[in-house]
Amino acid sequence: MSATTAAETAPPAPPPAAPAGLRKAARRKKMVPYWLLLPGILWLVIFFAAPLVYQASTSVQTGSLEEGFKVTWHFQTYWDALTEYYPQFLRSVMYAATATVLCLLLGYPLAYLIAFRAGRWRNLVMILVIAPFFTSFLIRTLAWKTILSDSGPVVGVLNSLHILDVTSQLGLTDGERLLATPLAVVCGLTYNFLPFMILPLYSSLERIDGRLHEAAGDLYAKPFTTFRKVTFPLSMPGVVAGTLLTFIPAAGDYINAELLGSTDQKMVGNVIQSQFLRVLDYPTAAALSFILMAAILAMVTVYIRRSGTEDLV
Amino acid sequence: MALTRWIRRNLVVFAGLGTLAYLILPNVVVLVFSFNKPNGRFNYEWQRFSTEAWADPCGVADLCGSLSLSLKIALWATIGATVLGTMIAFALARYRFRARPAVNSLIFLPMAMPEVVMAASLATLFLNMGVDFGFWTILIAHIMFCLSFVVTAVKARVMSMDPRLEQAAQDLYASPAQTFLRVTLPIAAPGIAAGALLSFALSFDDFIITNFNAGSTVTFPMFVWGSAQRGTPVQINVIGTAMFAIAVLCVLAGQLAGTRRKRS
């Protein structure tokens, strides 16, 4: 934060008139930020913060759609939700964590390529990373149904190499199929959130002074040592931002599990969606989303503390 | 030996290009399958070449209606979020005040929250208030989640701005309004444009929050979602490909104009 204060950027003070007028002008100037904030912050308070409070009260209500819901401090809902849906919770965390690691492994080379090796192709590669965004992600996720289909080339090749035998032994796939397996869902999650990893990685890699690489080389560091001791530590802000931007939406996602998975791959997002929109059991949906929110906030806080990048927020 | 060394030196390039292929492959599939003539209701398996869908992109009931609704919502959400977000960004970048940390976390939280949580809680509020779900509830929700992204984009730009430029304008007897319109706003414009573009893209492509707050109103992503259950018309691929092509053309045109301006 620079030392830009109101005084520095403020217009020149009006010519000295009555002291009372001056004081009023000063008070008015003090109110300027609040007037600027008011409409937007009101919007967020009413439509973001207040709903969370509402959600909290809904989660301890009991009743039915016909008779209406009443707050009865029924904390049992939380316990019931956890005992009934803990497999979905675990699955969400595991799928999201796996997808995040895969995004990092896949995204880092591409971000590195754009930042240091693309040369005059840099803009083109950048466009190719961003452009797929403009086709609705639901359409692109449906395209994975074609790519991974049972009679498609991917399944054919993997089958002839007996790779699917190995993965189904590991429980990642099921028989000679890819669709409706954990692997397909994780593949979809990885694909959908990959740009959210690449862009922050790129922006922190791009800031690294190229001369640092030369210096490391001059000091007899091998290329991999240069990467491990210089490049990677300097790209940490991008790694942290990228993993957060990937993990958080992936943990709450229900689209990939719905389109690419079967009932055995349902994540907690699917449960919330069906409880809310189909079963109309609002207290359970509220309790589930509260647990999800708390779990993610806790994980994110610990992660940010650990990686020592609090200034990110 | 020389070959293995060359491969080893360019390993990162190959890995990066592999990732790029992974990112682009679905778009290629969407393009190819927009020329398909499927046998059943679902467009997942290649049958034979046909340009029928391209000749009649609106040939499916409700498809183009949902598309224009999505464009309308995205436009209004962009305007709303950009105006409100820019105001907040200026307040945060320019003034010191007591509520700053609270405001900062209120801006950060929506970006750090899974969409499904925001979606369900906002829908709970609307339900309890007895609000009818439809265009307005979608628009309210979209402005809400786009706001934070605009604030982040504009704030970064305004904070990196040299305050002496504005002082210079004032030394040259520019009124506060003139200073703002002719110095501050043009400098902040790229940040505002980035925030607006991001809002448009986020709003247009949003599914989860819309899913909870739309009622029976059908936006384009909702249409695609519904068709994944009922049967996917080839026209979906046509529109997906057309949007991709338009976006790429716009970016290329912008780049071309940029290099021209640099040269002249």
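Including glycine, each Cβ sits where the backbone N, Cα and C put it.
Matching A:1-20, A:141-160, A:261-280 against TrEMBL, the residues noted as region 'Disordered' span A:1-20.
Contact count against the transmembrane segment (A:179-202) (Cβ pairs under 8 Å) is highest for A:93-116, out of A:32-54, A:93-116, A:230-251. Same-chain residues lying 6 or more positions outside the transmembrane segment (A:93-116) and placing a CB less than 8 Å from one of its CB atoms are 122, 125-126, 129, 182, 185-186, 189-190, 193-194, 196-198, 201-202, 205-206, 208, 210, 213, 231, 238-239, 242-243, 246-247, 250-251, 253, 257, 265, 267, 295.
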